[in-house]
Ligand code: ADP
Ligand code: ZN
Ligand code: ZN
């Protein structure tokens, strides 16, 4: 008898054992996939961990359904890395696998199978079984694996579905992510019976005299296809022939023309990699050499370079050297949105050696990148991606760049694995013996501290590229402006003055407001009540555009009311303000300017974000108002003014990182100003211009911020001096969740004493009808992290055996952000 241990993509921590026959045992290797039965009727795709001949204890092993791969799709090194993630972030290896693999690799009984993007499906390219499933999908919109079983009248169907996925004939539905519909380009050709010149002439003659437009189209099409011998796109045909889409339609309806579609890979690079890599300035060149020197002694180097110092060009040089050495390169960014600008920038240098990988891609695209990386294809020598790109099957990784390393979105909060992609990349680099470069204008305290104590190398770039000055930052005291009646709406006289100047010069301005919506809170001035979300403990936000009240936590919304729901009086007032209100005020203040807004509400559509960036680059927008989306690494030429509408709501956020984050955010938004010759101007409006952080921002003093914050972290026992583990409890019943957290907290205190904080309700104590309570465990550097985690897991096990608490959900968040 032979057995295999497999890992299932589920939260259970143990491996499961199945039987295989001797052929299968000889064929199977670690990292291959098999489909296996589980429980009464479930099917999972599992990863082979090892092949052996010891039967499992305590249960009879079932046999596998089917082998799905001919070669491993996961490398041993990946499994090692994922095991580290599971151990460090206290989750199961299965949960890491679930996050790591594109879902098309992990078909299971719940998977919904739908028709794919391939529109040129030919019967002869399919086996009989494949065809049967394809045909079934012509009649119904989706299938489950069990449906496929009954259609094919056999058990082993996963491999068939897998084949169909590879051919793009079917795809799997993903609930969590926005569905990506591939771009299809429309092409036009002559119907086959008219393709010779002779027949075309006959056709032209047969068209009646007033069909001149149609004739024009046909002539143009004939000419274009003769000239280029390439497919003729419908748009270019319309343009070249000066016709409309209705003329095309008429010809298609008559059967003279035919339309067809070719899928355009969204990121297929059409141009050439023709741009020369920029020559580095003296300062950049020094930094570049320093990094290389530092890499001789350190695995990890932190590049602290002010905004617009030209960090990206330095990465480019390092990437170039790694390419020449034949190594793979991973370039990680905190957010998908940011990739757009960077991709086009890097493609100019490296052309099609770049692949992009993130969760907004279709499953098929992700599978493709996965395979290209696994097989070390030149196409995927450089991978740009968000945090999940860390899980790709690199074979020969030479360099990881973690850009904007300070960004909190590198940490995944939910679901498990709650991993920090930067920190996990450090471990990955270690496994591969590759180099890792972190870059930021405002490094996180943790990374900067690591550099200071010699764990990382540190290279500093203090000047902006091209002798551009750092922006001039001015704090505006709006308390005083209010007193002196110098405010128009939310705009101080200083801000208005600077804006007029900028608009007069034909330059652009960005306004930063850290809240979306029109106005966060509606309040009755008679009785003081504000409408609350029925599911969460937050006030609803007024969205003027839709005349709605919305909850930003659960999406609940209702029409804006005319009168107070509590007392009935029509004295509803709006307090605070959001991006939408700023936009409205701007429109009446600057009626002749083009104003746009960038926040979660205006960037929902797939290309909405890219379009806004493009219009800003093309200077079609004069003033852009937005949330912190604006702050991130964007590079614009013509922005000379940045206004921060109100810095106080950032600073007052109840979190030990709030001050550090405010500094980062304000420095980063300021950094969008004046990236070319002219010195940029930044105005920060605040009720508290004497706040230390604002002062440090205004003089660009990162070191002062760092020292002061570090001191506070030391005093109050926070990272980097203490590690923190947050334990989150959720339940529908408030009393029960409080009791549960108290029980857990007391059990922890037995051993961890005063380093257990809470139970405490977070600022928003109820979300989606579940009450939330936190415990925080602080772990001094002198205390064993491993033992502490073991202890916490032990407490969790006892907790799970208490009947009263079965409904309480417990999440453990290591290094919580
Ligand atoms: P950072 O990443 O530090 O914010 P960037 O790399 O985006 O800075 O550089 C800022 C601007 O300066 C970009 O528009 C970039 O093209 C330009 N730049 C940087 N280095 C050079 C160089 N060596 N030669 C020409 N232009 C450069
Ligand atoms: Zn809600
Ligand atoms: Zn009222």
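Cβ atoms here come from the backbone N, Cα and C positions, even for glycine.
TrEMBL annotations:
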- 292-461: domain 'Helicase ATP-binding' (DOMAIN)
- 524, 527, 564, 567: Zn(2+) 1 binding site (BINDING)
- 533, 536, 551, 554: Zn(2+) 2 binding site (BINDING)
- 559-735: domain 'Helicase C-terminal' (DOMAIN)
Using the Cβ centroid of 524, 527, 564, 567 as the reference point for the Zn(2+) 1 site, which residues of the same chain not in that list have Cβ within 8 Å?
-> 525, 526, 528, 529, 563, 565, 566, 568, 569, 571, 572
Setting 533, 536, 551, 554 aside, what same-chain residues sit with their Cβ within 8 Å of the center of the Cβ atoms that define the Zn(2+) 2 site, listed in sequence order?
-> 534, 535, 538, 540, 552, 553, 555, 556, 767, 768
Residue 536 (Zn(2+) 2 binding site) falls, by three-state DSSP, under coil
Cβ-Cβ distance under 8 Å to residue 554 (Zn(2+) 2 binding site), same chain, at least six residues away = 533, 535, 536, 767, 768
What Cα-Cα separation, expressed in whole Å, is found between residue 527 (Zn(2+) 1 binding site) and residue 551 (Zn(2+) 2 binding site)?
-> 22
Of 524, 533, 536, 551, 554, listed as binding-site residues, which ones have a Cβ less than 6 Å away from ligand 3?
-> 524
Close-lying binding-site residues around ligand 2 among 524, 533, 536, 551, 554, where CB distance stays under 6 Å = 533, 536, 551, 554
Can you grab the distance from residue 524 (Zn(2+) 1 binding site) over to residue 551 (Zn(2+) 2 binding site)? Cα atoms, rounded to a whole Å.
-> 18
At the Cα level, what's the spacing in Å between residue 567 (Zn(2+) 1 binding site) and residue 551 (Zn(2+) 2 binding site), rounded?
-> 22
Tell me which residues of the chain lie with their Cβ under 8 angstroms from that of residue 551 (Zn(2+) 2 binding site), as long as they are six or more apart in sequence?
-> 533, 535, 536, 538, 540, 541, 557
Name the residues of the same chain, 6+ apart in sequence, whose Cβ is under 8 Å from the Cβ of residue 564 (Zn(2+) 1 binding site)?
-> 524, 526, 527, 529, 570, 571, 572
What does DSSP call residue 554 (Zn(2+) 2 binding site) in the simple three-state scheme?
-> coil
